[in-house]
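Notes follow once the structure below has been shown.
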């Protein structure tokens, strides 16, 4: 053994040194980054270069719009933008980069993905100057609808906004207006009217609702939206945050779960929805084998290639259940600037640049997505969703913005799936959620 | 996993070590021991130049990150920003989390149930293929599924088992109007297990066959002369002479089964766009979801704690397995 030890000793020393190095690296990362102040971004940025990690891949419709904007930006300002079209994994790549000094100057993504990574962790620069930046005589903040910003979703702990949205997404109950003109003429406004529509569809022999039951995020939209209709935007977040779990005893919570249960038990969901693989059910819906689907504003682009000939996309909002003002779901896609970026001014200028009417219009008409500016025109396929958002008095995020670590995937989704896939009743669901949530907050409180 | 890889090396080296180490020691050799040969001394001198670079790379790329993971597992951390030291809390929480236990249970199912099925089938195929005409072609055919990306199987499962898919269409003419819900959440994991058996058996059959092919034909002739049955031939000739190959395969499977991730990911949750149903999670999926699900704030502490725990438990398994499989290699 003596010999072994002698061999091991230098190796152990080596290992120790390496470990020391690695832990000091970690230690560096734990230092709270200095809270950056808003910078003046109005000066000349000619000759400066920024590094932009995009959530879009080369060839995507949104990428084409942004690429045009970037080339115009370079011509106008003399700055240079070096882009990596990384795709949706850009936020995952951002996490390790934020622990180094080699960060991108500009990133984009959905609020749901950027917030946990860069917003909530205080790693983003305040973009107050972007909001007050002037575009054709209007400030950026004046072209972003106030209801998007009034609930403070873009604000960090310092009270300053760290994200500037350039596009939004939403949801609705989609149908083929060519086949069901009556739904377009008079969409069901209340839950009772909605049930009447479902009964009529069922009586006619058609499957009323298609659902890709293997996607927990789609399944949960039913319960969460029902709850928000009953108790208002922010109520699911408050429910999830309740450490005592007592919120689940609220009769309104049970009622929301019963609404979901009634769809399952009533046989309104397309047979096989609980044992299929995405996108089988939305394909079936686009082929006209089911009448309705609750899905995102991306549905027309996602199903366009296989929709039945003559399919005319239209949608109505999730029906009202109580007398609360119905909020519309609005999720945001936009820019953030890492606090460690050394090129704050040109990065923030590019973030503002995409709010220009030219690119906002292009997002609506060429890329067929929803631009963040209310005055930008959109494609007819998503016009119904845009009208609903414009009319809604308030907005809510997907899953009401719940991002507690692991809560969604480990506590909420599995139990909500059981409810939506018909394995538990509404009462069992509520009881199970209460128990699991108490345990969750005991462990994570 | 890194420990698992190290283990076979260490134990392979150990039989020669006790004899060869002592003599090369700089101290005077203990009385009654013979000094090592000059070859042994040369070998010692070459240890550092040859092993050093690999060891440094291995340390930097595997051991340091593994220790870094242990360090992170003692914290509450979202991947960037402030780290909060929480001691062993993450470990306690994981042990109390029924989801981790069921995920780890699934990993063990893969390791033992799928592993047993694979090796029984691989041995059976080895025996059948040994005497078969055109065995080279067959060998390639059964190896082929191993080359295919798991994503293909995930997508294929949709085509085959969707409510309007191939299986149900084929069953319909036989009057099956209410076929089983193949892709229901509870059925996904069994389906993954079957798929893994199908795709991995060929790989191990190929390795085992290489071992069986080494056995000189005169042993079989001897068996024939002695009137041994096929089972006796397996028991007394094939198994003992391929035991080392078999042991290596068992360790390879143990290590790879613990890391099984992508096939679970693509089978459930829209071929990777969402999180698969919790019934089909393995320990690796559990780890991934904690850090990268994209649905909530990343919990790197909990993720690394579950990775460290899986690594520790698997290292123990590999050591036990090596112990159980230890035989003196038969020279032939």
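Heads up, the Cβ atoms here are built off N, Cα and C, so glycines get one too.
In TrEMBL, annotation is done automatically, which means it is predicted and not curated.
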To which of the residue ranges B:164-186, B:233-255 does TrEMBL assign the term transmembrane segment?
-> B:233-255
Which stretch does TrEMBL mark as transmembrane segment, out of B:46-74, B:75-103?
-> B:46-74
When you get a sec, could you say which of B:141-161, B:267-287 is annotated transmembrane segment by TrEMBL?
-> B:141-161
Report the listed stretch (B:46-74, B:108-129, B:141-161, B:299-321) having the maximum count of Cβ pairs within less than 8 Å of the transmembrane segment (B:188-212).
-> B:108-129
Can you find at least 3 Cβ pairs under 8 Å between the transmembrane segment (B:299-321) and the transmembrane segment (B:46-74), where each pair is 6 or more residues apart in sequence?
-> yes
Between the transmembrane segment (B:233-255) and the transmembrane segment (B:46-74), are there three or more C-beta pairs closer than 8 Å, counting only pairs 6 or more apart along the chain?
-> no
Residues outside the transmembrane segment (B:46-74) whose C-beta sits under 8 Å from one of its C-beta atoms, at least 6 past its ends, are 2, 83, 85-88, 90-91, 300-301, 304-305, 307-308, 311
